[in-house]
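The structure under discussion appears below in the form of structure tokens.
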Ligand code: ATP
Ligand code: MG
């Protein structure tokens with residue numbers, strides 16, 4: 001036998017027992033964004049490499065070591081999108097959706113990063129995100145956070161996640177702070193780990209969220225960004241805090257929270273769970289007023305977030321939230337005996353179109369035992385049996401599969417109503 005080809009490491013198949021979970025989560029995400037009036041945007045999975053380099057920043061984990069970049073047949077350098085914001089801004093600029101307009105958008109789809117695969121971290125993963133353009137005020141920041149809080153309620157995990165927020169100020173304020181931080185880090189260079197030493201000049205703010213314990217201890221004495229903020233930035237942040245307080249959303253201000261991407265200013269935030277080990281960030285985002293201009297558009301304020309769907313599914317699964325998901329099949333129709341097959345197929349079709357039921361028809365024949373086994377395996381709530389007797393008398397045998405009820409013969413006329421009663425109960 002020849003060797004089977006396997007899927008690429010870190011890229012997962014989503015098998016039928018899992019797709020039902022994904023569909024449930026995706027429906028909850030769609031409902032939530034829909035209830036806020038946001039509109040969906042879909043962009044290609046592949047973009048010019050330069051887009052991500054410019055948007056995300058050359059000195060970031062993503063661009064330095066995580067992108068799937070390859071040469072197209074005509075020599076262009078292309079990259080599988082590692083995140084959704086750069087593409088959304090590119091599309092917005094290209095189609096004139098952003099300047100002087102207000103857009104509240106959402107997207108969902110696969111992203112690609114060449115990271116070390118582990119629980120909650122994959123090479124193809126899926127993000128759901130929202131992006132708001134044309135609104136520079138803190139109420140927009142508050143709205144996307146309220147939307148995420150609403151989402152946790154919808155998923156039933158509001159007591160499993162906590163919110164951390166911070167402000168990075170304007171780019172000028174950040175530049176002044178950066179100088180002070182670099183000066184501090186230079187004094188303690190010997191105590192920094194290798195990564196932090198490398199980052200201290202190229203992207204010093206990233207040193208703040210270093211995972212190295214020694215570095216974290218050292219940072220207790222580092223200058224604080226808050227001290228470098230001007231009035232406007234402070235005001236923006238305090239309005240956000242007031243709106244969150246008024247909405248009853250709890251949060252912790254974490255002055256070390258800087259986020260991995262270069263493009264953020266003012267508000268940054270993360271929703272974190274303790275139930276997934278070290279891959280605990282389930283949703284992250286912030287304000288990025290400079291990016292639209294940086295990608296060649298006219299300056300447009302923007303705020304958004306992205307959430308990793310794998311982590312949400314994992315979290316919900318860990319908590320047993322999928323245990324009671326409906327099977328997706330209402331009735332399983334069996335045909336037994338001469339001339340019953342076409343009648344069974346016609347009955348199935350009638351129940352689908354007239355009663356709106358989810359109906360699976362048995363295929364492949366076989367005796368009663370075999371057909372009942374299949375009926376059970378399908379997850380259907382009831383089996384419908386058409387044998388030669390039923391055919392002659394114009395009735396169908398209805399056999400409940402998940403409840404104690406007795407099986408009964410029901411006339412064709414009353415069948416739809418009987419089934420709807422049974423299934424709704
Ligand atoms: P992390 O610190 O976990 O690497 P990140 O800062 O790189 O996250 P973002 O780029 O902000 O993450 O992406 C937003 C969300 O997407 C993350 O909070 C996480 O839920 C999810 N995510 C990011 N990378 C992966 C991945 N490789 N596999 C699965 N989910 C991911
Ligand atoms: Mg990452």
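In case you wondered, yes, glycine gets a Cβ from its N, Cα and C as well.
In TrEMBL, annotation is done automatically, which means it is predicted and not curated.
Together with 83, 84, 85, 127, 131, 259, 263, 264, TrEMBL lists one candidate of 113, 116, 154 for binding L-histidine, that being 113. For residue 264 (L-histidine binding site), the count of additional Cβ atoms within 10 Å of its Cβ stands at 24 [all protein chains shown].
Maximum intra-site Cα distance, L-histidine binding residues 83, 84, 85, 113, 127, 131, 259, 263, 264: 21 Å.
It is 85 that, of the binding-site residues 83, 85, 127, 259, has its Cβ surrounded by the most other Cβ atoms within 10 Å. Classification of residue 127 (L-histidine binding site) by DSSP places it within a strand.
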